[in-house]
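K.L.:
This is the structure I have questions about; it appears just below.
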Amino acid sequence: MRVPFIKMHGLGNDFVVLDARAQELPDLGQALVRNLADRFTGIGCDQLILLQPSETADFRMRIYNHDGGEVGACGNATRAVALLHGSEARIETAGGALLASPTDDGASVDMGPPHFDWDAIPLAYPMDTLSMPVGWEMLENPGAVNVGNPHVVLFVDDTDAVPLDRIGPEIENDPLFPERVNVNVATIVSPSHIRLRVWERGAGLTRACGTGACATAVIAMRRRLVDREVTVTLPGGDLQIGWSEGENIRMTGPASESFRGSFEWDDYA
Ligand SMILES: N[C@@H](CCC[C@H](N)C(=O)O)C(=O)O
């Protein structure tokens, strides 16, 4: 079976999008996702995105990490598929329903509410998630939040000085996080500006992470380090994040289509 795909990205965080709204597809196994995501022998991407019909929303978006695991949220992919859809869309995800509106160069997304309870992140045992009494080497006193997926956020003086390729996997797989975790290191540049690098669960270092930007912004806001509207600068570019206590998170930023192609299903299954 020949299957069409669309290669897209949000700030360099890249996706292979399979649109199963029109053409039904067999179940994606972990092996198929890994093979397609492989940058040497496959199409290559950080996440594989599967669009399906939905009974509760305009469509359903399923998200698979580079390692083949299915997860609850992807901020950059949400902007990308909103752009693809072309008009305001309610999107069903495993992490909750999202509302996305395309803009000239990307999309603005209602990302839903953040969850701060220790068992909602989830953590292995109870603790204050705004100021956690734990640390790894030079990284201490993180905050944690679930924004459809789990994140830990560590504030540092200089994000570039953190060996995230070495320490990221250690934190991602720490038994404190039973579902593993996305690891964010952030520097407060000013009350309206955060600099951020992310080690993504199941994908490693990426050029940008939309949910990481949301998670970092809300923790910085709760700690009163920044204003309620901030620019988050990632290696791939800028996102605008807005949030107030008790409200949903709003994320705005670019996304684009790179190219279209097709592949033979059995070659990757
Ligand atoms: N790149 C994404 C996040 C993708 C999922 C994440 N790695 C997880 O495992 O939860 C984004 O832009 O948010």
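Counting starts with 1 at the first residue shown.
Glycine residues also receive a Cβ, built from the backbone N, Cα and C atoms like all the rest.
So TrEMBL lists these for the protein:
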- Cys74: active site, proton donor (ACT_SITE)
- Cys74: active site (ACT_SITE)
- Cys209: active site, proton acceptor (ACT_SITE)
- Asn13, Gln47, Asn65, Gly75, Asn76, Asn149, Asn182, Glu200, Arg201, Gly210, Thr211: substrate binding site (BINDING)
K.L.:
In sequence order, what residues of the same chain, 6+ apart, have a Cβ less than 8 Å from the Cβ of Asn182 (substrate binding site)?
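P.N.:
Non-local contacts for Asn182 (substrate binding site): Asn149, Pro150, His151, Val152, Glu172, Val198, Trp199, Glu200, Arg201, Cys209, Thr211, Gly212, Ala215.
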K.L.:
Hey, what's the widest CA-to-CA gap across Asn13, Gln47, Asn65, Gly75, Asn76, Asn149, Asn182, Glu200, Arg201, Gly210, Thr211, the substrate contacts in the record, in Å?
P.N.:
16
K.L.:
Roughly how many Å lie between the Cα atoms of Asn65 (substrate binding site) and Cys74 (active site, proton donor), rounded to a whole value?
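P.N.:
Roughly 10 Å, rounded to the nearest whole number.
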K.L.:
Can you name the residues of this chain that are 6 or more positions from Cys74 (active site, proton donor) yet have a C-beta less than 8 Å from its C-beta?
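P.N.:
Set apart from Cys74 (active site, proton donor) by at least 6 residues yet with Cβ under 8 Å, we have Phe15, Gln47, Ile49, Ile63, Asn149, Gly210, Thr211.
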K.L.:
Write out, in the order they occur in the sequence, the residues of the chain not among Asn13, Gln47, Asn65, Gly75, Asn76, Asn149, Asn182, Glu200, Arg201, Gly210, Thr211 that have a C-beta within 8 Å of the mean position of the C-beta atoms of the recorded substrate site.
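P.N.:
Same chain, not in Asn13, Gln47, Asn65, Gly75, Asn76, Asn149, Asn182, Glu200, Arg201, Gly210, Thr211, Cβ within 8 Å: Asp46, Ile63, Val71, Ala73, Cys74, Ala77, Val198, Ala203, Thr206, Cys209, Gly212.
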K.L.:
Counting only other Cβ atoms and using a 10 Å cut-off, which of the binding-site residues Asn13, Asn65, Asn76, Thr211 scores lowest?
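P.N.:
The binding-site residues Asn13, Asn65, Asn76, Thr211 were compared, and Asn65 has the fewest Cβ atoms within 10 Å.
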K.L.:
Could you check the recorded positions Arg201, Cys209 and say which one's CB has the fewest neighbouring CB atoms inside 10 Å?
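P.N.:
Per-residue Cβ counts within 10 Å for the recorded positions Arg201, Cys209 bottom out at Arg201.
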K.L.:
Which secondary structure state does DSSP assign to Asn65 (substrate binding site), in the simple three-class scheme?
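P.N.:
Where Asn65 (substrate binding site) sits, the three-state DSSP reduction gives strand.
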